[in-house]
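As given in Swiss-Prot:
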DOMAIN    22-194  domain 'EngB-type G'
BINDING   30-37, 57-61, 75-78, 142-145, 173-175  GTP binding site
BINDING   S37, T59  Mg(2+) binding site
Amino acid sequence: MQIKSAEFIKSAAKPVGYPPGDLPEVAFAGRSNVGKSSLINVLVNRRGLVRTSSTPGRTQLLNFFEVNQHFMLVDLPGFGFAKVPVSVKKAWGRMTRTYLEERTNLKAVVLLFDIRREPRDEELQLLDWLEELNIPTIPVITKVDKVTKNRRRAQIRPILEATGLPQEAFSFFSALTREGREDILQRLDVALSDVEDEFGIDVPESE
């Protein structure tokens, strides 16, 4: 897949604020500070398109980005940040739940896992929930540059055991080295492969 353009469209908390559902969407989900914003920036080759922060819990709305004028990437609020008030956590949960259950043009969810952290209940529940909703999931292990290659296998083992997924189901990503970018773009290509007929658009292929 070639990324020719990317722009921020809007933020929204409720369906009434979503952009029109006339383009297919891929959402990005994961715990706070897992690297969703950095991943999107690298995928679209636009440093700073999605604001990144070292402060967990910064993304508090659904953020919509239009790519190639043909599809949307949606940055969902992160979850699991202990210092966020309970009321805010519940609001984020409602936002995400409503979006995933009601957004009919959602084609896939990229679910991120930090290589340095064992999956928590929220991540595993979301993985199960996506399966129940029949939403294709692209699991990605992020921040792989934070551990040595010799330690990588040991670090990913708890993630494989907790999720029950084989290693080949995951993409491995580093915002620093850009490792995994092409692999993830290829998987997005597959997730969007039926949009030409459904939405009447043409997604540019890789050269």
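Glycine is no exception: its Cβ is also placed from the backbone N, Cα and C atoms.
Look at the binding-site residues L61, F173 and count other Cβ atoms within 10 Å of each Cβ; L61 has the fewest. Other C-beta atoms found within 10 angstroms of the C-beta of N33 (GTP binding site) number 21, with every protein chain shown included. With respect to Cβ neighbours within 10 Å, the binding-site residues K36, K143 differ, and K143 shows the lowest count. Taking all protein chains in view, 22 other C-beta atoms sit within 10 angstroms of the C-beta of S37 (Mg(2+) binding site).
Cβ neighbours of G30 (GTP binding site) (same chain, under 8 Å, six or more residues apart in sequence): K36, G78, F79, L111, L112, F113, D114, E123, T142. A simple way to gauge crowding: the CB of P77 (GTP binding site) has 25 other CB atoms within 10 angstroms, across all the protein chains here. Averaged across the domain 'EngB-type G' (22-194), the predicted model reaches a pLDDT of 88. In this structure, the CA atom of L61 (GTP binding site) is 13 Å away from the CA atom of S37 (Mg(2+) binding site).
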